[in-house]
Amino acid sequence: MTTAQIPRTDDELKELAEQAGRDLEDASALEILQWAVDTFGDGFCVTSSMEDAVVAHLASRVREGVDVVFLDTGYHFPETIGTRDAVEAVMDVNVITLTPRQTVAEQDAEYGPQLHDRDPDLCCKLRKVQPLERGLTAYQAWATGLRRDESPTRANTPVVGWDAKRRKVKVSPIARWTQDDVDAYVLQHGVLTNPLLMDGYASVGCEPCTRRVLEGEDARAGRWAGRAKTECGLHG
Ligand code: SF4
């Protein structure tokens, strides 16, 4: 029986996550990922928006062939799909692409076109939140690239925490990193990044809901700009 097959109750997982969050607060990203791999084995995956491949790269140093889960909403920039393909081709990871139940055309037929403009919460629910929940059923723990410096809503992100919505352990190994730390890691290791980051985008999401950021704006200001919405529901 592998580590990942050892059954744990939600209460046990929650306690484990919260304890690890305290114990690993000052640990390096690699140490945090090593803990996750040692604890969950095959029950651990990395999720990536393909804005960059930093967390996937870090995780692959700890575990060759680690699962990297990507949500293909059907609304991505071509550059994002290209980054996904490049990561799959050159990195020692196992890219798993999740898709919504409906294509964009099928969604348009049922809900009307451009649901993202009329009801972005529903659009994100159908194209991000539900596919991720289905995709994560195979895992006990997932890693994200969330950072505290990205926005006020992410300022208290624990390095390891309990994702009550999905009943999973949520690992954010670069939560304490700054943008400078990310840039330095990318440079040092030649990590793949989305070309849009060189074209004025600081945070890359779906094309209809992402714009370039302006001088002085925080990294996520270009997401759902002009709306009260700041998160897609994956991290709320
Ligand atoms: Fe839809 Fe926009 Fe959410 Fe993408 S980010 S799923 S296009 S509302």
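Glycine is no exception: its Cβ is also placed from the backbone N, Cα and C atoms.
According to TrEMBL, the protein carries these features:
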- 49-211: domain 'Phosphoadenosine phosphosulphate reductase' (DOMAIN)
- CYS123, CYS124, CYS206, CYS209: [4Fe-4S] cluster binding site (BINDING)
- CYS232: active site, nucleophile (ACT_SITE)
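Least crowded of the binding-site residues (CYS123, CYS124, CYS209), judged by neighbouring Cβ atoms within 10 Å of its own Cβ: CYS209. For CYS206 ([4Fe-4S] cluster binding site), other Cβ atoms within 10 Å of its Cβ number 23.
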